[in-house]
Amino acid sequence: MENKNVSLRGKNILGLEYFTPDEIELVLQTAKEMKNIIHRDIKKVPALRGKAIVNLFYEPSTRTRTSFELAGKYLGADVINITASSSSIVKGESLRDTLLTVEDMGVDAIVMRHKAEGAPEYASNVVSPVIVNAGDGAHAHPSQGLLNLFTIQQYKGNFTGLKCAIIGDVLHSRVARSDIWGMRKMGIEVHLAGPRTLIPRYLYEEKGIFIHDRIEDAIENTDVINVLRIQMERQKSGLFPSTREYARIFGLNDKRLALAKKDVLVMHPGPMNKGWEISPSVAYSANSAIQEQVKNGVAVRMALLTLILTGGKNNEIID
Amino acid sequence: MKLLIKGGRIIDPANKMDKVADILIEDGKISKIRKDIKADDAEIIDAAGKIVTPGLIDMHTHMREPGQEAKEDLASGSRAAAAGGYTTIATMPNTKPVIDNAILIKGLQEKAKEEAVVNIEIIGALTKGQKGEELAEVGDMTEAGAIAFSDDGHYVDKAKVLLNGLDYLKTFNKIIISHAEETSLVEDGAMNEGHKSAMLGMKGRPSVAEDIAVMRDILLAEYAQAPIHIAHISTKNAVDFVRQAKKRGVQVTAEATPHNLTMTEDMVNLADSSTKVNPPLRTDSDVNAVLNGLLDGTIDAIVTDHAPHAVEEKDREYKYAPSGFPGLETALGVLLTDLYHTGKADLPLIIEKMSSAPAKIFGLNKGTLSKDAVADITIIDPDLEWTVDKDKFYTKGSHSPFVGRKLKGKAISTIVAGRIIMQNGIIIK
């Protein structure tokens, strides 16, 4: 390891605002090693053998929950899933009591997804197992922010001087916020664009952050485009007139993609609404890294879990 | 039964009095104020080096009775009031059920007589069920003793409903207290809308929601030529609007809370819902504007907006925790620490805003130390240093942003109608 003095052992993963660039670098380096394991025929390594991880999910999720689960299992940890619909949460048990129950069972880490911004911060005050935020409302999705950086690094080599356009519903997007924190720390210039009803009013243009009214202006000459998911309920609450108009004016299509650099990388956190925020041809184009993001998601989460639960000292076992 | 308070600095803003003297209380009334009173048969309180003031009046509290006694009741809430130096508190009607008819007013008065240790005044709902649709029976409630009317907790969304209330209440000479935040702009926002909420992804309560609401209510009061009282003012623009309205003769008054006078959104920490309150903690520029409004007379009164919740209600996700926190036991200490000891405001002004001014707004015959006035008196040690400890609260509320703060200044005696109710922080009853 280059960063011998950097350790994430025992650190709650609440948001990238709490990460130093060195810590981010450590996760990305570790993820590189982890990615090799995923390609093996026999994927199991004993790095986290004897550790117990609970996935506590208050919102539906396919990719995040599955990739945390697989990440834990590939590393030999015992992983239990608790979802809101099939637990005492439907009986009205409070988050506090659920956390205390899980803690009493002796788990080492709680990976949680919650609708309320700040719920993981609250959880980290209530119980002692390490808390990993797997998405809290519109606040943060740190593992997604890290896997986006990992994907960019994989294709672009390094970060400095890169431009990334983040397009769409920034207001409700935890991914956008984690990108903003993570990318700024790593020296990527962030260009935000979307309907102004979906850009937070008090997100300022400051060092490394630019805000555009037209998505074309954000996309122009950019190295990376991260397209954000648009939710139907936002249209119903009057934030834009129709999905049809959204697709026409704010959707990423071939014509708009051509404004970017030739080797532009297209990302999307999923699940996609193809035909709304992104056209199918762009989603499946040669520029698209969307499938690679899913694969990288497992590697990054393996890295995170290893680093917080062991400090990464078991690397020799992995290698 | 006589009580003699000796050698304190007496501050009685209504009579523009600020001097060191003795106060003799006979039969629950103030009988004499002068130097070196001799009364051999009186119980004596030595107030040398202390401040003696009219009993403090809080025109904005939530006692939660009936229906939400797990949060607070008249017994606990009135003890919290006495502990904080208050002799009279007015309770808001957003209880379960809502206090929107005379029978409920009378019932609550009975309960207060039995259980409360300070004077309880009752604010009735302006509209039935506080739904903002039809006026409640405010005439009946006035006759039953309601002191004012409010849909506090909710803005009266329909301008016509508020206008009707302003006109109708002229017969009864009572004020309307407006919780001014435009509903469609605040929704379920949990903190001030600003850069911090933007980065946290939290839905915010924009200051413009309060600005619009305050301006509409001022315009309606001006149009109706009726009084309106703006509850817990918190934005720079709203303070400016009230200032301008007062200049042109609109019958508008306003109150501010200790927290909106001293704390900003920087205090918000999503791990702990103690700072969650409506209207929210705002920015430095708002806090300065509210303070300037207090100093130049734009803001008439300081209120606590004492809004306790049960521990388990506040000890949860910030977003889902209810808004509000207890304030009766911390208000005076916070104001003395952050306004008086910092030189931002002098004692007579702070006392006025907490005693004679709220009495005047309500038309209540209290808040002064005039001869023959009921002896509601607070004795304050302005230099007493103490730390806010939730385990010592009389309120059932626990989550307050002031918990753990070191404060300088505290009420040491609370006297209601000539009886000592609180001494050195302990309720005697």
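Backbone N, Cα and C atoms are what each Cβ position is placed from, and that goes for glycine too.
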(request) Report the candidate from A:Arg96, A:Arg113, A:Arg234, A:Arg244 that shares the carbamoyl phosphate site with A:Arg63, A:Thr64, A:His141, A:Gln144, A:Gly270, A:Pro271, as recorded in TrEMBL. (result) A:Arg113
(request) Identify which of the binding-site residues A:Arg63, A:Arg113, A:His141, A:Arg229 has its Cβ surrounded by the largest number of other Cβ atoms within 10 Å, counting every protein chain shown. (result) A:His141
(message) Tell me the coarse DSSP state (helix, strand, coil) of A:Arg113 (carbamoyl phosphate binding site).
(response) strand
(message) With the L-aspartate site defined by the record as A:Lys91, A:Arg174, A:Arg229, how many Å span the farthest pair of C-alpha atoms?
(response) 31
(request) Among the binding-site residues listed here (A:Thr64, A:Gln144), identify the one with the smallest other-Cβ count within 10 Å. (result) A:Thr64
(request) For the recorded carbamoyl phosphate site, whose residues are A:Arg63, A:Thr64, A:Arg113, A:His141, A:Gln144, A:Gly270, A:Pro271, find every other residue on that chain with a C-beta no more than 8 angstroms from the centre of their C-beta atoms, and list them by sequence position. (result) A:Ser61, A:Thr62, A:Ala134, A:Gly135, A:Val175, A:Pro269, A:Gly297
(message) Long-range neighbours only, meaning 6 or more apart in sequence with Cβ under 8 Å: which ones does A:Pro271 (carbamoyl phosphate binding site) have?
(response) A:Thr62, A:Arg63, A:Arg229
(request) Calculate the distance in Å between the alpha carbons (Cα) of A:His141 (carbamoyl phosphate binding site) and A:Lys91 (L-aspartate binding site), and round it to a whole number. (result) 27
